[in-house]
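Chemist: So that we are looking at the same thing, I have put the structure below in structure tokens.
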2 protein chains.
Amino acid sequence: MATDGPAPGFRRWALEIEYDGTGLCGWQRQENGLSVQELLETAAMRLVSGLPVASATAGRTDAGVHAAAMVVQLDLPEAAELGAHHVRDGLSFHLKPHLVAIRRAALAPPGWHARFSALWRSYRYTILNRPTRPVLDHDHVWHVKRPLDVEAMRAGAALLIGRHDFSSFRAASCQASGPVRTLDLLDVRRDGEYVTIDAKARSFLHHQVRNLAGSLQLVGSGQWTPGHLGTVLAARDRRVAGPTAPPEGLCLTGVGYPEDPFGP
Amino acid sequence: MATDGPAPGFRRWALEIEYDGTGLCGWQRQENGLSVQELLETAAMRLVSGLPVASATAGRTDAGVHAAAMVVQLDLPEAAELGAHHVRDGLSFHLKPHLVAIRRAALAPPGWHARFSALWRSYRYTILNRPTRPVLDHDHVWHVKRPLDVEAMRAGAALLIGRHDFSSFRAASCQASGPVRTLDLLDVRRDGEYVTIDAKARSFLHHQVRNLAGSLQLVGSGQWTPGHLGTVLAARDRRVAGPTAPPEGLCLTGVGYPEDPFGP
């Protein structure tokens with residue numbers, strides 16, 4: 001991944017992309033599956049007549065995880081003389097028939113980097129809380145049959161907000177340099193059969209939102225008291241926390257920058 | 001379709017079912033495709049060990065149209081001694097892997113009929129109104145790129161509410177005995193990129209909601225004035241109205257009865 005500016009003769013574009021992670025191996029290019037990155041870079045090569053194109057993202061997502069508004073950078077040759085609508089619609093066209101499309105495209109401000117300039121990321125985890133399995137929301141929710149007590153979940157979530165060592169909610173595979181993160185938001189709400197968990201932070205550990213959702217579900221179903229989440233956090237031990245909630249309930253909902261790359 | 005009570009030795013069940021119409025030929029059993037009715041009656045036969053089972057519905061839906069809460073009746077043998085949870089979960093199990101499942105099941109009140117006892121049906125038509133094609137809502141929305149003026153659509157919709165001859169919005173294939181219907185609700189709202197049209201009536205003509213949506217879209221995009229919808233209604237001529245909106249944006253959202261068959 002490029003950590004600095006575009007190569008000579010290239011201009012950096014900011015893209016806001018939406019994708020359905022079902023059947024994909026996640027954001028990052030891999031040997032053993034189709035990734036969003038591979039689909040996007042292939043579409044970009046088609047757009048600029050076969051030139052190789054490098055992309056970087058504000059955050060990786062795992063296999064099966066969705067994005068409503070992921071932000072990605074793409075360095076495209078100046079010589080292509082592309083306008084913003086051309087980039088948005090041209091890439092979306094070349095991404096067909098995959099469920100990946102460009103919501104917005106803009107020339108990035110000088111010095112902007114999709115990952116390193118980002119101030120925060122937000123995710124929503126959605127639980128379908130009813131006896132009947134998901135139908136209209138198939139592959140986009142976690143199905144929990146047992147009725148969840150959202151007030152208990154909210155009380156438990158409140159103990160996790162702020163700056164903490166989140167080792168108990170960190171995947172073994174996490175490549176971050178340390179386990180300390182500042183959780184700015186962890187909000188649990190019910191809307192009919194849906195229970196949503198909204199999380200926002202400067203950055204997250206690998207599987208952090210899914211691990212938080214898995215533990216919050218144990219509070220909601222009455223297996224844990226809300227206060228037990230404080231004990232789990234203090235233990236700094238992944239083995240004492242709840243299970244990792246499945247990927248299909250997770251969606252990246254937004255990325256924030258000091259200055260909106262897509263304009264006011 | 002049975003218009004009277006269950007045969008001797010059978011009990012009538014009311015079912016609330018959710019289905020994703022994508023790839024199905026609609027509610028009604030047909031030679032040339034897989035229908036919700038065929039899937040449900042096959043699942044019921046499996047539940048009661050091979051006995052044939054007859055179903056009837058509050059309303060038919062076309063190919064590609066979805067239902068969040070369709071109400072269906074199913075006459076099952078008394079001898080099976082089934083409880084409500086058994087019917088709900090057993091049918092849902094035998095409906096796998098299809099995107100059809102039972103939300104609620106209850107023994108129907110005496111004399112109850114899914115279609116003839118119904119007082120109203122409600123539908124929601126959903127438009128995704130943005131330049132980028134649908135991704136997360138693929139197959140569940142109508143994609144309209146041109147920005148829609150929802151206030152104009154609301155003003156036009158107001159002219160269609162009430163008791164009218166809806167010939168201008170009636171499919172040629174409609175089998176109803178007459179074109180007069182009473183539209184109790186036709187509400188247009190925007191929520192971000194989504195424009196929803198909620199309709200409620202005792203009953204609807206064939207394609208009526210999709211035809212209303214197709215004409216409302218012409219008002220929203222500025223091709224028609226709101227008042228032109230009154231002219232179209234008065235013409236009683238399908239040829240002067242707008243196009244039939246595509247099926248994937250339509251979802252049956254509810255059916256009402258004098259007494260809720262699923263209890264208080």
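Cβ atoms here come from the backbone N, Cα and C positions, even for glycine.
Just so it is clear, the model here is predicted, and its values are computed rather than measured.
The active site, nucleophile annotation in TrEMBL covers B:D62. According to TrEMBL, the substrate binding site annotation covers B:Y123. The feature domain 'Pseudouridine synthase I TruA alpha/beta' is assigned by TrEMBL to B:157-258.
A description of the local structural setting of each listed feature is requested, covering burial, neighbours and distances.
Modeler: For B:D62 (active site, nucleophile), the count of additional Cβ atoms within 10 Å of its Cβ stands at 19 [all protein chains shown].
Residues near B:Y123 (substrate binding site) in space but far in sequence (CB under 8 A, at least 6 apart, same chain), listed by position: B:D198, B:A199, B:K200, B:F204, B:V209, B:L250, B:C251, B:L252, B:T253.
Taken residue by residue, the domain 'Pseudouridine synthase I TruA alpha/beta' (B:157-258) breaks down under DSSP into 32 helix, 31 strand, 39 coil.
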Chemist: Give me the mean pLDDT over the domain 'Pseudouridine synthase I TruA alpha/beta' (B:157-258), rounded to a whole number.
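Modeler: Average per-residue pLDDT within the domain 'Pseudouridine synthase I TruA alpha/beta' (B:157-258): 96.
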